[in-house]
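Listed in TrEMBL:
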BINDING   34, 35, 142  divalent metal cation binding site
DOMAIN    28-251  domain 'RNase H type-2'
């Protein structure tokens, strides 16, 4: 699998796709959606879709696709090659969500949680298939959150498409198993060949599975925690595992103006609060005492406090 587009800048998300089979533009198709890497504290999360004509479901099943979690890495790689070689009737697409994008989304002021990220990635991929001319008739999805609510959301978003959302869909529907394989293979490749933007020297790549409870992952997180700058972008610093280590091992930073008594705290330390620069009555030390530049006087411009 060629991830060069993502590897060129792994701090942002990236979409990869196969060519669209001609038959998928003329016949009713089914589409499966699944993800890989939802839980790990390291590396990207990858959403995948796979689609084929409804009339070719049996041919897809004959490829022996199965839930990617039940397969070895070699088996997944082999099955992905088979799916890619079946390009006369099978197509796929991936949305790779970088760990940096996941973290900044979850920690921004207007919260954007993992379920919302997942839903939007899935919707974006279905819309991509439709925009590419795929004649979608059926969509099968491995649930994120309550299955009924998610199914209603997708049905309203894509009227005319029969949507089925089920827990463990990757073990129930071959088209979802195929999507699961595509997503898992892409994540495995991305993690193995990760290019660190930070200058970390000769990086130890023995970071285990990437899951928070993996001893190797925990050891790697401790080893590469910078007390001032935190973690490289390979780490999802919005995960509680990373935040707990940062709180206990990194240098504490206190932002007085984040508190309600920011101005009082600044005064206690004989400092000027940042907020005071925006107040109506500025402190005397902020009042301009020097002459106003002639650029302003010639144009009769002056500062005002109210509109």
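Glycine too: its Cβ is placed from the backbone N, Cα and C atoms.
Cβ neighbour count within 10 Å across all protein chains ranks 34 highest among the binding-site residues 34, 35, 142. Other than 34, 35, 142, the residues of this chain whose Cβ falls within 8 Å of the Cβ centroid of the divalent metal cation site are, in sequence order, 33, 36, 47, 48, 141, 144, 169, 170, 176, 179, 180, 183. For the domain 'RNase H type-2' (28-251), the model gives a mean pLDDT of 91.
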